[in-house]
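Report on the structure given below.
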Amino acid sequence: MRNYFIAGNWKMHKTTGEAVELAKALVEDLKDGKNKYMIAPPFTALDAVSKVVKGTNVMLGAQNMSTEEQGAHTGEVSVLMLKDLGVQIVILGHSERRHIYKEDDAMINKKVRLALKHGLEVDLCIGELLEEREAGKAEAVCERQLREGLAGVTAEEMKLVTIAYEPVWAIGTGKTATPDDAETIHYYCRSVLADMYGKEVADSVVIQYGGSMKAENAKALLEKPDIDGGLIGGASLKVETFSPIAKFNS
Ligand code: 13P
């Protein structure tokens, strides 16, 4: 059976002091939580937050990484640097990386394979734009992002991969996909994974939903059979808003 995986993507929020304070409060609040948890602070706070979450049930995530291991890449952060800080999982292909910073599927795939080569877990984000949904292309876009993002990834490596379905029109907008609409895409993604890797692997991959997930809508989404967790932005920035989602089933 798949375990629920509730993750916070802090995006470009929190100074180091603020990040440590939030991480400490979450570690305390979630210590008896029964789900898998991750927080992804900005790069600048990773070192400090790493010391707070070490040895707890809250994993340390990064929000991005370079396609390269090292070299002349001003402003980039490598997988080796993340591992050195105790990072266990990296979010890749987030829609803000795809659409603001123009990362394409080939680039994201290079990052996915590099992270896996170094034993880092990957949280691969996929999701369609509003105009793609309105044109009836949501499934096709997600399928392309899955197939190209995971190209060359083996069935064995899929044990380290989580998928996050984040419809772009739902991110930070307050508009959440309905549980039925989200489930339709999650189910479809699992069928694509079954085609790529077989049913056993597809059934074991955690597929999170992301996009204006809050305490008020989390339970209805997470009760759907193919929605196995959440990747939460805005509501992950405070204990009062993140914990109720993280503990929705306790
Ligand atoms: P919001 O929860 O703020 O909509 O953000 C979702 C997201 O992008 C998480 O990665």
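Placement of Cβ uses the backbone N, Cα and C atoms for every residue, glycine included.
Unlike curated entries, TrEMBL annotations are predicted automatically.
Annotated in TrEMBL:
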ACT_SITE  His94  active site, electrophile
ACT_SITE  Glu166  active site, proton acceptor
BINDING   Asn9, Trp10, Lys11, Gly172, Ser212, Gly233, Gly234  substrate binding site
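Feature map: annotations from TrEMBL on the structure.
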residue	record	DSSP (3 states)
Asn9	substrate binding site	strand
His94	active site, electrophile	coil
Glu166	active site, proton acceptor	coil
Gly172	substrate binding site	coil
Ser212	substrate binding site	coil
Gly233	substrate binding site	coil
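Counting every protein chain shown, the Cβ of Glu166 (active site, proton acceptor) has 27 other Cβ atoms within 10 Å. The candidate set comprises the binding-site residues Asn9, Ser212. Of these, Asn9 has the most other Cβ atoms within 10 Å. Sequence-distant contacts (6 or more apart, same chain, Cβ under 8 Å) of His94 (active site, electrophile) comprise Asn9, Gln63, Asn64, Cys125, Glu166. Non-local neighbourhood of Gly172 (substrate binding site): Ser212, Gly233, Gly234, each in the same chain, at least six residues away, with C-beta under 8 Å from its C-beta. Among the binding-site residues Trp10, Lys11, Gly234, the residues whose Cβ sits under 6 Å from any atom of ligand 1 are Gly234. Here Trp10 (substrate binding site) comes close to Ala19, Leu22, Ile39, Ala40, Pro41, Pro42, Gln63, Ser236, Leu237: these same-chain residues lie at least six apart in sequence, with C-beta atoms under 8 angstroms from its C-beta.
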